[in-house]
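Only one structure is covered here, and it is reproduced in the block below.
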Amino acid sequence: QHLFWFFGHPEVYILILPGFGMVSHIVAYYAGKKEPFGYMGMVWAMMAIGLLGFIVWAHHMFTVGMDVDTRAYFTSATMVIAIPTGVKVFSWLATLHGGAIKWETPLLWALGFIFLFTVGGLTGIVLANSSLDIVLHDTYYVVAHFHYVLSMGAVFAIMGGFVHWFPLFSGYTLHPTWSKIHFGVMFV
């Protein structure tokens, strides 16, 4: 199991990084800003998330009989990932603050991503606690956590990027009303 999760866990943190970049571009653009709030903090946060993903793999293995010190380490290390993640969410919201916001579809996808990612992150903090994780192991709570963060989160970021850059790549624009309806149906 250690071999599997040592590879498999960092992968999910790396998979979400392009979504972070797309959301940063979209939020800054539709807030009328040149760059996101706290640009260097965002860069360091992405690097920290990428690196911390390599030292928390065993939080997938709390139920296999690890000793208490090992569980305490992996609980703490997993919770530390919430700090750079919180920096990113705060910076996206701070970028929107005081901006001339254009409420177009890509921004809706980005805001949907921020909401879903935040809910998924809160469920992740609960699951990082090894005592609670043992109770919640193999339940829909865990399924909800990774679907909020990666399945829906990554899809919303990708859709935001697609809707934002599709006119640039193709020369065609998407119908604004139908694309907003598409977002609404996906969000519900």
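Note: Cβ is positioned from N, Cα and C throughout, glycine not excepted.
When Swiss-Prot records His59, His60 as binding Cu cation, the matching candidate from His2, His9, His137 it lists for that site is His9.
Considering the side of the membrane named for each residue in Swiss-Prot, Pro36 and Gly171 coincide. Put simply, His59 (Cu cation binding site) is 14 Å from Tyr13 (O2 binding site) when counted between their Cα atoms. The sparsest Cβ neighbourhood within 10 Å, among the listed binding-site residues (His9, His59, His60, His137), is found at His137. It is 140-169 that, among the stretches 1-30, 68-96, 140-169, forms the most Cβ pairs under 8 Å with the transmembrane segment (105-126). Taking CA atoms as the reference points, His137 (Mg(2+) binding site) and His60 (Cu cation binding site) are 9 Å apart.
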